[in-house]
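Trainee: Provided herewith is a single structure, encoded as C-alpha cells, for subsequent inquiry.
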Amino acid sequence: MTDNSNIRVVVGMSGGVDSSVTALLLKEQGYDVIGVFMKNWDDTDEFGVCTATEDYKDVAAVADQIGIPYYSVNFEKEYWDRVFEYFLAEYRAGRTPNPDVMCNKEIKFKAFLDYAMTLGADYVATGHYAQVTRDENGIVHMLRGADNNKDQTYFLSQLSQEQLQKTLFPLGHLQKPEVRRIAEEAGLATAKKKDSTGICFIGEKNFKDFLGQYLPAQPGRMMTVDGRDMGEHAGLMYYTIGQRGGLGIGGQHGGDNKPWFVVGKDLSKNILYVGQGFYHDSLMSTSLTASEIHFTRDMPNEFKLECTAKFRYRQPDSKVTVYVKGNQARVVFDDLQRAITPGQAVVFYNEQECLGGGMIDQAYRDDKICQYI
C-alpha cells in the first residue's frame, strides 16, 4: 500500500454525510487529514437556531470519531463580496443566477484553497461527486461522477487547471447509497442526516420573502407575446424563463386548458411575457451567446468545438457546436432547446470529461433574439 502519511489533505467539511465520508476515506487511505468547516453565511432557522453552529457541532463530532484535527474558518465577507453581490446584481439585471457555480469558483476552491495552503496542505478535498484524472503530461482532467444522478461537474465547470491540480474528489467513483452505507457502517454522527437542498443562504426560507429583503420589488404588467394584458406581475426578479407556477392565471384565458409559462422579460418596460404550452414557440431557441467562457485546461484563444452541453443541472446532454473567441462564445444547438435562461451556466462535455463552460447571456431563434430581457 502507498504511504500517504506525508501528504496533507485539508477537507472542506460542511457537517453533511458526503464531506464526512470524504474525510473518513482519506484517513483510511493513510493521508494526514485536517477538517475545516467554512462559515459562509450568518443564518438562523425559523426557531432562532444558528444552522452553522449545529453543522459545526456535527463536523466536530465526526472529526473526533475518525481522529482528525479540525478548524472553523469564517468566509462571510468573501462570500458576500464575491458570491452574494453577484447574485443580487444578476437578479437586478433580470437574469437567473447560479450562485453554486460562483461559490465553488470563488470560495470553496479559492478562499478555502488559499486558507488550506496556510495549514500546509498538499491538496484540498470536498464531498463533490466528480472525478479527476491526471494524464501523462501531468494535465488534470475533470470527469463526471460515477453516480449520474449526483454528478456535480456542472457546478464545478469554472474551476481552473491550477485549482484542479490541488483537488481530490474521493467520492467521485461512488454511488450515493454507498456513501450512506459507509457512514452508517462507521457509525458516523452524520450518517442519517438529510442532504441540504436549495441555495445555501436561503435554506428553507421562502425565496420571494428572502429576495425582497435585499431588492425592492417592482410590480408591472404581465402580457402575452401578441399584446394581451394578463394582469400584474409581482416583480421580474421573481420569475425565471420557462417557469410555470406562481403566475396566478389559469388556462381559461386562452380558450384552451394549456398551462401558462413565463416566456420572456422586458426589463426596460418592466413587462413579464407569458404564453401557453410547455413548448410555446417563444421558449424554443436554436443558439445562445455566453460570456465568462472558461476551460479547465489550456485552449486556443479562438477555435470551434463540437461537443455536448448542459444548460441546467441534471439535464441530459445535447449536441452543440461552440464557436469560442476569447471569453465569449456562440453555442449552436443540433436540436431546438427549451427555456434557455440568461444567467445560468452552459457547461461543455466530451463524453465523460467536463471541459468547462460559461454564463448564458442571450438565447436566439434563427439569429433573432428571443423574448428575454
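From the backbone N, Cα and C atoms, a Cβ is placed for every residue, glycine too.
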Trainee: Quick one: which of Met38, Met117, Met142 does Swiss-Prot put in the ATP site with Gly12, Met13, Ser14, Gly15, Gly16, Val17, Asp18, Ser19, Gly127?
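Mentor: Record check against Swiss-Prot: ATP site with Gly12, Met13, Ser14, Gly15, Gly16, Val17, Asp18, Ser19, Gly127, extra candidate from Met38, Met117, Met142 is Met38.
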Trainee: DSSP three-state call for Asp18 (ATP binding site): helix, strand or coil?
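Mentor: SS state of Asp18 (ATP binding site) = helix.
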Trainee: Provide, as an integer number of angstrom, the distance between the C-alpha atoms of Cys103 (active site, nucleophile) and Met38 (ATP binding site).
Mentor: 12
Trainee: Please classify the secondary structure at Met38 (ATP binding site) using three-state DSSP.
Mentor: strand
Trainee: For the ATP binding site, please report the maximum Cα-Cα distance among Gly12, Met13, Ser14, Gly15, Gly16, Val17, Asp18, Ser19, Met38, Gly127 in Å.
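Mentor: It comes out at 15 Å between the most distant Cα atoms.
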Trainee: What's the CA to CA span in angstrom from Asp18 (ATP binding site) over to His128 (site 'Interaction with tRNA')?
Mentor: 8
Trainee: Sort the recorded positions His128, Cys200, Gln344 by C-alpha distance from Met38 (ATP binding site) and give me just the closest.
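Mentor: Sorting the recorded positions by distance from Met38 (ATP binding site), the top entry is Cys200.
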